[in-house]
Amino acid sequence: MLNLLNIFRKDKIWDFDGGIHPPEMKTQSNGTPLRQLPLADRFIIPLKQHIGHEGELCVKPGDHVLRGQPLTFGAGRMLPVHAPTSGVIEAIGPHMTAHPSGLAEISVFIVPDGEDRWIERDGVADYRQLTREEVIKRIHLAGVAGLGGAGFPTATKLKGGLDSTRTLIINAAECEPYITADDRLMQDCAEEVLEGSRILAWVLQAERVLIGIEDNKPQAIAALKRALGGANDLQLRVIPTKYPSGGAKQLTKILTGKEVPHGGRSSDIGVLMQNVGTAWAVKRAIIDGEPLTERVVTLTGEAVAQPGNVWGRLGTPVSHLLHHAGFQPQPKQMVIMGGPLMGFTLPALDVPVVKITNCLLAPSASEMGEPQQELSCIRCSACADACPANLLPQQLYWYSQGADHDKARAYHIEDCIECGACAWVCPSNIPLVQYYRQEKAELRAIDLEAKRTAEAKARFEARQARLEREKLAREARHAQAKRKVSASEQDEIAAALARVKAKKATGIEDNADAAPDNAAAIAQREARKALARQRQAEKQAETEPLSRQAGDPRKAAVEAAIARAKAKKAQQEQDAESQAADGIDPRKAAVEAAIARAKAKKAQQAQATTESADASEAVDPRKAAVEAAVARAKAKKAQQAQAAAESADASEAVDPRKAAVEAAIARAKAKKAQQAQATTENADASEAVDPRKAAVEAAVARAKAKKAQQAQAATESADATEAVDPRKAAVEAAIARAKAKKAQQAQAATESADASEAVDPRKAAVEAAIARAKAKKAQQAQAAAESADASEEAAAPENARAAEAADARKVAVADAVARAKAKKAQQATAEKHHAAAEAETESQSVPSTDAMTPESESVPLAAAEPESADAAPVDALVDARKAAIEAAVARAKAKKAQHQAAESADTDDAEARRKAAVAAAVARAKARKAQQQTGLED
């Protein structure tokens, strides 16, 4: 009794919710046995015929292949494909494949050679000699995939259920109308199907194997029972005909009573399912060693004259199969790959047969009926009653239409098996399965994008974490390196710091190894520059005389003397700088460096001017002698001035303001000497040489040089011994400038008159005496002006502060007074020029006091005695009475000029004297401008 109960419990079947009973239409094709068709003219093998990625190509166009030779290779879900026959690879390119989208995929085009030769097959008769892993590997290399319609790689599916599968189900239900491929396969190849089922059961180590088959296949049931015989390792279960009982979840529920959880797999409940065709392909791959190159395809429909099941080679065009089945196309004929409920319409008939192609349906117009217009949903709930997955098709339809992906996912649209039962029963003719497929595709795209985003985020976070770790490690290394500083290194650092402090405390004199400060470095750099300039000047002095044209020996001697004087002066400057380098003051060093640069520049300019003047004018012996004397005098004067400056610098501390005054004095002297030299050279080059006049000019030059030297010494001694009164210095500077201006104007007028008229002996003697007196006076005025300029520059800061404090109106008054004086001086100069012209006319007949006025107005009383002394050698040529008159007039006018200057100085009030510093600067500028204008008029 107990055994009967166990047997009853084992044979029990369950039912699932929903389902429909459409017309089966299987008798059209299941009555004829399987048959082989001739080879097609060309085979098109898509690289992807399964769920997953396509494999990598291992052939190229032009290769000759055999049947069963792999065209691709790969691992995991990258399932290989094989050549369906022997032939030559014509091309590799995109072609339309068996998919509802009709998109093109990479395919291999093979032209058969007609021999249909196999590769060497290495089947194993006793598969138990192999390990389970080896069997799975052989299944993978054979390219076996699920032939029931899904196309999932069999080897991958077996790997997932190695340790958890207790029940193996062989799906032989084949519930969809028109399809009879599995039915005919079981009728003709029942032993191979059962042998493949045993191989799968051995690999999975399943406790039991159930073969589920619908009761509408009596011939197949009989064939399986005959093949089983008395074996009880495989259990044949006959189930009622109901669509879609062939679904994985539905058949599992029918045979085991268990439901696959939402979002899970059948392996989660210890169940693994394989199709009848897959079991047959496994037997061929393991025992026969044949890869998957063909499958059973049902050719049915009223448009086919010879319906039935054939062995279709993978890659055979659909048109080739239909042609051999007697396909008679009608207007608007359609061909469906798959069944009428789960299949899809082919876009063209050159689509190849693939591993999931189980049926080609060519219905007539009467079978399809009239096309029905899609109407609105009437909420009849017929679709919900027919759904075998217990879903709400009406809600899923609304969410799919409204692109509400979250709600569609919440209503488990992924559990839809796309059986088409809902669309079959819908009274509004709504193609619900099409909407569900579209929504699933959109959800897959969203999930893929989210996956990519998550991967990118994970990569970014990993990179940030890596950078943070590297940063922490780097900081740790730095901290460790700091901690590794030994005590000896610290002592060395402390010793170095102590040495630096000792050097700073000792000073430059006590520590010669210490680095000098900035001032010493500047002084040394300037000394090196001066030495370089000296060497350059010496080199130029040595090379230039050789490159010149042949000249006068005396002129060469003069140039050599000048060069020696300049070299000696530069050497003295260098010695002075080197002596003062030890106790140098930064400000003093800067002043001395500026003076050295100015003197070097002056020497270069003077040499260039001398060379250009020497090259441009003709050489005169007497004029050369005069120039040589002048050069010697200037060199001597410069040497004395340098010696005095050096002694003063060495004897007293340097005051920044005094250093600035000395620098200004040096610049003023250099500028005046340069202007005087240029004026002398221009005058010498412009006028013709007269022997007597040359002698007079030579005497004048000697007197000027001597007087300038004396005035220089007197000025320097006066500057060193007494303090400078700013107001008095300003008054004296103004007087000296006025006198110097008058002397220069008178000298220019005399020289122009001498050049324009004929030379008279007596008149020449008189003019020579007058010229000597004027030159002497001009030299004295120049010396006084230089001392006044030095005093003014020394008192410039104090005068500037006083001027800023003065009232603006007083400054304006002083400015007006200065302008009036300058204007008056210009008018007096014009009158003197006019009087000079009249004096030259009257000097030939009768001496007149008025005629002597222009020359004697500017001669002071102190100059009367030198004038008479210089005129003594020419008394025999000058009338006594005329000389006496001229001397008296000169003395009177000089005395008058002196009285006027004294009165002008006494009448200035205290307020004007305080503003003398400001007014003096304005007066100097205007006097210089008036002098320039007078020179232009002359």
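Backbone N, Cα and C define each Cβ position, glycine as well.
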Figure out which of C175, C189, C419, C426 sits with C377, C380, C383 in the [4Fe-4S] cluster 1 site per TrEMBL.
C426
Choose the correct range: of 120-152, 285-317, 450-482, 549-581, which one does TrEMBL annotate as coiled coil? Give that range.
450-482
Please report the number of other Cβ atoms within 10 Å of the Cβ of C416 ([4Fe-4S] cluster 2 binding site).
21
Who are the chain neighbours of the domain '4Fe-4S ferredoxin-type' (369-397) in space, where the CB to CB distance is under 8 Å and they lie at least 6 residues beyond its ends?
16-20, 244, 247, 249-250, 407-408, 411-413, 415-417, 419, 421-432, 435-436, 439
Please list, in sequence order, the residues in the chain of C422 ([4Fe-4S] cluster 2 binding site) that are at least six apart in sequence and whose C-beta is under 8 Å away from its C-beta.
A382, C383, A384, A386, C387, P393, L432, V433
Taking the center of the Cβ atoms of C387, C416, C419, C422 at the recorded [4Fe-4S] cluster 2 site, which other residues in this chain have a Cβ no more than 8 Å from that point?
G18, C383, A386, P388, A389, L391, P393, I417, E418, G420, A421, L432, V433, Y436
Including all protein chains shown, what's the count of other C-beta atoms within 10 A of the C-beta of C419 ([4Fe-4S] cluster 2 binding site)?
26
Secondary structure at C387 ([4Fe-4S] cluster 2 binding site) (DSSP, helix/strand/coil)?
coil
For the domain '4Fe-4S ferredoxin-type' (407-436), what does DSSP give as the number of helix, strand and coil residues?
17 helix, 0 strand, 13 coil
Checked against DSSP, the composition of the compositional bias 'Basic and acidic residues' (525-542) is 18 helix, 0 strand, 0 coil
